[in-house]
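One structure is given here, and the rest of the page talks about it.
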Amino acid sequence: MDRPVTKRITVLTLQNIYREKGKIAALTCYDATFAAVLENAGVDILLVGDSLGNVIQGQASTLPVTLDEMIYHVCCVERGTHSVFILADMPFGTFQVSPQEAFRNAVRLMAAGAQMVKVEGGRHMAETIEFLTCRGIPVCAHIGLIPQSVHQLGGYKIQGKTPDGARQLLEDALLLQKAGAAMLVMELIPAALGEEITRSLSIPTIGIGAGAVCSGQVLVLHDMLGISSGTLPRFVKNFMAGADSIQVAVRNYVKAVKTGEFPAHEHMF
């Protein structure tokens, strides 16, 4: 059933879902038309992701995406919605130089309509996250596979497979929570590690290839609809298969996340 138009979901709403042991359903979104469809289908969070570099611009990575481009797409998504929560990626190069520069750039994303910004990186981003949160900007941290560091990581590979790697990611998560992160995205890590981190934190975790115990799930919209070029990653399910409309496919995704049916074993590492 479509969600009736109501006041916008807030950080407190997401925290209440988390405290009540509910699941948070998120999808990427880049324009007003899809934003309205996803909102009406019951998605909780629209992530205006720098993945637009891949699926909208045809880039080989997210690295070329600029702040102005992110602001444009945040504005588009905000105009198409009334109640869904809007999370925006801080693109490569906009938050790494200094906390002060990160704040200036985050302010522009918030002014465009974002309710929270997402920052990729581990413990080295704790100072920046604390700086932002102390100045009124909610932050979602992002650990595991961080696409903006794909060259440093040597490609799109599972992270945290070794005991040392797993321990570092758990420590990173705890440090970022302590710094003030209100939410944590975990990407491409073993399901057992995703569960350990989720149970160790008191903030929601959103998984993408991080197992089923996370507080919620996110997928790239184009992947979930089966319209991305190339082979879909293992952690993706094509919800368009068997659905007679995009609206139905998205509703099926939301239901599968909320009931714990997705991700299934075949989508985990």
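Just so it is clear, glycine is given a Cβ too, placed from its N, Cα and C backbone atoms.
According to Swiss-Prot, the residue from ASP50, ASP68 that belongs to the Mg(2+) site alongside ASP89, GLU120 is ASP50.
GLU120 (Mg(2+) binding site) and GLU187 (active site, proton acceptor) have their C-alpha atoms 11 Å apart, to the nearest angstrom. Highest Cβ count within 10 Å among the recorded positions ASP50, GLU187: ASP50. Most Cβ neighbours within 10 Å, among the binding-site residues ASP89, GLU120: ASP89 holds that distinction in the structure as shown.
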